[in-house]
Amino acid sequence: MTLVAGVDSSTQSCKVVIRDAKTGALVRQGRAAHPDGTEVDPEAWWTALQEAIAQAGGLDDVEAMGVGAQQHGMVCLDESGAVVRDALLWNDTRSARAAADLVEELGGPATWAEAVGSVPVASFTVTKLRWLAEHEPDSARRTARVCLPHDWLTWRLGGEFVTDRGDASGTGYWSPATGEYRTDLLRLAFGAEPGLPRVLGPHDAAGGHGSVRLAPGTGDNMAAALGVGAEPGDVVVSIGTSGTAFAVAGSPSADPSGAVAGFADATGRFLPLVATLNAARVLSATAGMLGVDLDRFDRLALEAPAGSGGLVYVPYLEGERTPNLPDATGSLHGLTLKTSTPAHLARAAVEGLLCHLADAFDALGLDPARVLLIGGGARSEAVRRIAPAVFGRPVVVPEPGEYVADGAARQAAWLLGGGDEPPVWEAGGTEHFEADATPEVRSRYAEVRDGR
Ligand SMILES: Nc1ncnc2c1ncn2[C@@H]1O[C@H](COP(=O)(O)OP(=O)(O)O)[C@@H](O)[C@H]1O
Ligand SMILES: O=C(CO)[C@@H](O)[C@H](O)COP(=O)(O)O
């Protein structure tokens, strides 16, 4: 059996899967936690990767590996390759002012969307570089090269300074439409042009780690699309640390409203995507407030009536990115003696999160044949059962798994097998959830969200 490994170096943890390159069957897996926070020493990702690989039984019998990782994070390296400062992650909002300035300086949102497919908000690397130039000029001066989390891990593993189309499309200085860097935008933001990783094609080799051949890797959402086998006609809603709604597309997109990021995918196509800062942690934070575990939280949420008796939870706990409200906070509206129960609060949190994700889904402007629900939050029974009511359409939940790591493993199998398309792997089981639509839950949420 030929084995391939896939990595998901995400916000909260690192996961490694080892799969049969031919069938995709899972052979073994491991995971390790990442530190909390929105700035992280990349060395912590390296340590977690080693731990997750060891837990997955090592790489001695593995032929190829791909690395998927959280998008956008700014990793600055000096002349010697040492990290200049902690990486600023996608969910760090300190560069919100820089984002607004850059949008104005280039001539407005439509100009950015036209240039790089997306209108930069604080998540995008280009805005973090502007922040660095303005606030930490010494670090900026020492920055000889800049890359993303998956690029950095691939470089540490194999020594090649490379990236892929998918992750490059989240920088704000690479155009999915032309497949070229926009170093003029890098210079606009940073006042200099640090070295950038070479952009590989979807199944190009990225060097090797000992005898393990390295695939190009990609951003976690692009890897998830590959891992779950998303096809045109599907919308994937992922409830991880971030919430995302995305679709595979045959042509690049450019949304001047900024809601839809016009990313590239990991197969040579495109991945229009709406991302939120708040997702699965809304559930764990509320469970924490209630002093219950996630299972008990689910049961509580399912005890309360649809609409939570009028209690509305706007889940902007970390500020928000879509809508672009970096300084927003969460709120609860509609507390009465009747709604002041753990069950009402739990249900309101689930409904608030799902309304928020339904807004993201709507922004894509698609009427898909299938809506696939993935990510850690999709393990919640309450989320699975309430999602079709709030979305107003059935949802398909693939069996719980590590779809980002799976996509990275499938990319590694593609590297070994070659060809124009990734290998076809046996699909796992799915569960289908249907429910009567509850449009009144969305309209009440919209009233509170908009302060009406
Ligand atoms: N049964 C569950 N109910 C609610 N949330 C869950 C459940 N299982 C896992 N999670 C949450 O999912 C998140 C991790 O999801 P994951 O997709 O792995 O995120 P990431 O890729 O961003 O690290 C954590 O916040 C965790 O609390
Ligand atoms: O910023 C985005 C997408 O644009 C996020 O989706 C990050 O890629 C983080 O992903 P998770 O750690 O939540 O999986």
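Each Cβ is built from the backbone N, Cα and C atoms, and glycine gets one as well.
Annotations in TrEMBL come from automatic prediction, not curation.
Annotation comment: TrEMBL describes 4-202 as domain 'Carbohydrate kinase FGGY N-terminal'. If you look up TrEMBL, you'll see ASP8 marked as site 'Important for activity'. Annotation comment: TrEMBL describes GLN71, HIS72 as substrate binding site. Sequence annotations record features per position, and here TrEMBL assigns active site, proton acceptor to ASP220. TrEMBL lists 236-414 with the feature domain 'Carbohydrate kinase FGGY C-terminal'.
Positions of TrEMBL features highlighted on the structure.
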{"residue": "ASP8", "record": "site 'Important for activity'", "Cβ neighbours (10 Å)": "29"}
{"residue": "GLN71", "record": "substrate binding site", "Cβ neighbours (10 Å)": "29"}
{"residue": "HIS72", "record": "substrate binding site", "Cβ neighbours (10 Å)": "28"}
{"residue": "ASP220", "record": "active site, proton acceptor", "Cβ neighbours (10 Å)": "32"}
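A Cα-Cα distance of 10 Å separates HIS72 (substrate binding site) from the residue listed as 'active site, proton acceptor'. In this structure, the recorded positions that sit close to ligand 2, with a C-beta under 6 angstroms from any of its atoms, are GLN71, HIS72, ASP220, chosen from ASP8, GLN71, HIS72, ASP220. Within the model, the domain 'Carbohydrate kinase FGGY C-terminal' (236-414) shows a mean pLDDT value of 98, rounded to a whole number. Cα of ASP8 (site 'Important for activity') to Cα of GLN71 (substrate binding site): a distance of 11 Å. Annotated pair GLN71 (substrate binding site) and ASP220 (active site, proton acceptor), C-alpha to C-alpha distance, rounded: 6 Å.
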